[in-house]
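Heads up: the structure comes next, in C-alpha cells.
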Amino acid sequence: MPDVTVVGGGLAGSEAAWQAARAGCRVELWEMRPVKETPAHHTDLFAELVCSNSLGNRSPETASGLLKEELRRLGSVILRCADANAVPAGGALGVAREDFARAVTETVGSHPNIEVVRREARDIPEGPAVIATGPLTSDALHRKIEELSGETLYFFDAASPILHRDSIDDSVVYRASRYGRGEADYLNCPMDEETYYAFVEELASAELSPIKKFEEDMYFEGCLPVETIARRGPDTLRFGPMKPVGLPDPRTGREPFAVVQLRQDDAEGRLYNIVGFQTRLRWGEQKRVFRMIPGLQRAEFARFGVMHRNTYLPSNRMLEATMKIRNALSERPLFFAGQLTGVEGYVESTAMGYIAGTNAARVARGLEPIRWPEGTMMGALARYITTKEGTLQPINSNWGLVPAPPKRENGRRLGRQERRRRQAEMALGVLERFAGEVLRPPVAAGR
C-alpha cells in the first residue's frame with residue numbers, strides 16, 4: 001500500500017507526487033488517461049497544457065515571476081521541466097507544449113518512489129491522498145467530492161487556435177517583442193483601421209458552439225473568449241489582446257492600428273498559437289473569421305480553439321491553508337491541489353500541488369501539515385482561497401496578496417517598479433528562512 005496516493009497527473013498532481021516522493025514516501029500517481037479521456041486533452045502525457053503554452057512572465061519583479069522563482073528555489077519539478085523546454089517568448093516563459101509534457105511524464109514516472117497507475121478514480125482513495133484532478137474531474141469522482149463539500153462551483157475556459165508556421169504569410173507579418181524587450185520572438189499581424197473594424201464586426205457576430213443560456217456569462221475574466229471581448233465594444237480588442245503599443249512595424253516605423261500576435265508553440269518552430277484568442281467559435285467560423293487577419297489568409301489550423309467547463313471547490317469553506325480538508329467536513333487525511341482549489345493559472349496550480357504534496361507526505365510520516373508563510377506568494381495564494389469571504393472566484397497571483405514594503409525614510413511612497421522589486425525581495429527572504437528552518441535543508445536545497 002502506498003504512503004500517499006495522488007489522483008491526477010496534471011501540473012498540480014505531478015508536482016504533488018514529486019514532492020511526496022522526494023520526502024521519502026512511496027507514492028501511487030493515478031491518471032485516468034488514456035483509459036478515460038477528457039473533452040480538452042489530446043494526449044495521455046502528464047502536465048499537458050490544454051490552453052496557452054505560456055507560464056507567464058519570467059521576471060521575479062512581476063507577481064507571476066515571483067511565484068515561479070519561489071517554486072524554483074524549492075526544487076519544483078514542473079519549473080525544472082519548463083525551464084529545460086523553454087521556447088522564445090519575449091519576457092514570458094513559453095514552453096514547447098509536447099516536449100514539456102513528455103519531460104514531466106518521464107521525470108515523474110522514473111522516480112523510484114513513484115508508481116504510475118493508469119485508472120479512473122471513482123472514489124476517494126484511503127490513507128493520505130491528494131486530489132488534483134483539475135477542472136475536468138470525471139463525473140464519478142465529482143459526485144464523491146460533492147458529498148464532502150455539499151457543492152462545487154464552475155466557470156468556462158477556452159483555448160486559442162494553433163497554426164502551422166509554413167501557412168503564415170511572411171510578406172505581411174513581422175517579428176518583434178513589445179517595446180523591444182528580449183529577442184523578437186513574436187510574429188505580428190498588423191491591421192489598419194478599416195481591416196480592424198471589419199474583423200471585429202465579423203468576430204462579434206460569428207456562430208458559437210452552444211452552451212446553456214444561463215452559462216453564457218460564466219467565464220473567468222482573465223481568460224475571456226475573444227468574441228466576448230469583441231462584443232463589449234468595437235475598440236475593446238485594440239486596447240486588450242490586439243493592442244499595438246510598443247510594436248512598431250519596421251517597414252513603416254509606426255505602430256499599426258491593431259496587432260494580432262503569434263507565439264511559438266513547439267521547440268522546432270513549426271507551430272504558432274494566436275495569443276489571447278481563446279474562443280468558442282464553431283470550427284468553420286474560426287477558419288472564416290481568423291483568416292481575415294493579415295498574414296493568415298491561407299492559415300492552416302493544427303488545432304482549433306476549444307472551450308471546456310472548469311470545476312472548482314468552495315475552498316474558503318472547505319480547505320485549510322495547508323490544502324487539507326477541514327476536520328468539520330472529514331477527519332480523513334485528504335488534500336486538494338491545483339485548479340480544483342480555485343486558483344487560476346498553470347504556475348498557481350503547480351504551487352498548490354507543491355503545498356499539498358509536501359503536507360500529505362508530512363501526515364504520512366506522522367507530522368502535522370504546515371502553512372506556508374503569508375509573506376510568500378505561495379502562502380498568500382493559499383491563504384486567500386481558503387479564507388475569502390463570500391463566493392470564491394478563481395484568482396491568479398497578484399501583488400495585492402503579499403505585504404507591501406515600508407515607505408521611504410522620509411515617508412514618501414516608493415515608485416511602482418521599486419515597490420515591486422522590494423516586495424519580491426521580501427517574499428524571497430521569507431521563503432529562504434521558511435525553507436531552511438521549517439522545510440529543512442534537504443528540501444530547501446532542491447535535492
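Every residue gets a Cβ built from N, Cα and C, even glycine.
Taken from Swiss-Prot as is:
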- Gly8, Gly9, Gly10, Leu11, Ala12, Gly13: FAD binding site (BINDING)
- 398-421: region 'Disordered' (REGION)
- 406-417: compositional bias 'Basic and acidic residues' (COMPBIAS)
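A Cβ within 8 Å of the Cβ centre of Gly8, Gly9, Gly10, Leu11, Ala12, Gly13, the residues given for FAD, is found for these other residues of the same chain: Val6, Ser14, Glu15, Ala16, Phe46, Ala47, Ala132, Thr133, Gly134, Ala337, Gly338, Ser349, Gly353. Taking Cβ-Cβ distances under 8 Å and a sequence gap of 6 or more within the same chain, the neighbours of Leu11 (FAD binding site) are Ala47, Ile78, Gly338, Tyr346, Ser349, Thr350, Gly353. For Ala12 (FAD binding site), the count of additional Cβ atoms within 10 Å of its Cβ stands at 36 [all protein chains shown].
Sorting the region 'Disordered' (398-421) by DSSP state (H, G, I as helix; E, B as strand; all else coil) yields 9 helix, 0 strand, 15 coil. Around Gly9 (FAD binding site), a 10 Å sphere centred on its CB holds 30 further CB atoms from the protein chains shown. Within its own chain, Gly13 (FAD binding site) has Val6, Val7, Leu29, Glu31, Phe46, Val130, Ala132, Thr133, Gly134, Ala337, Gly338, Gly353 as residues 6 or more apart in sequence whose C-beta sits under 8 angstroms from its own.
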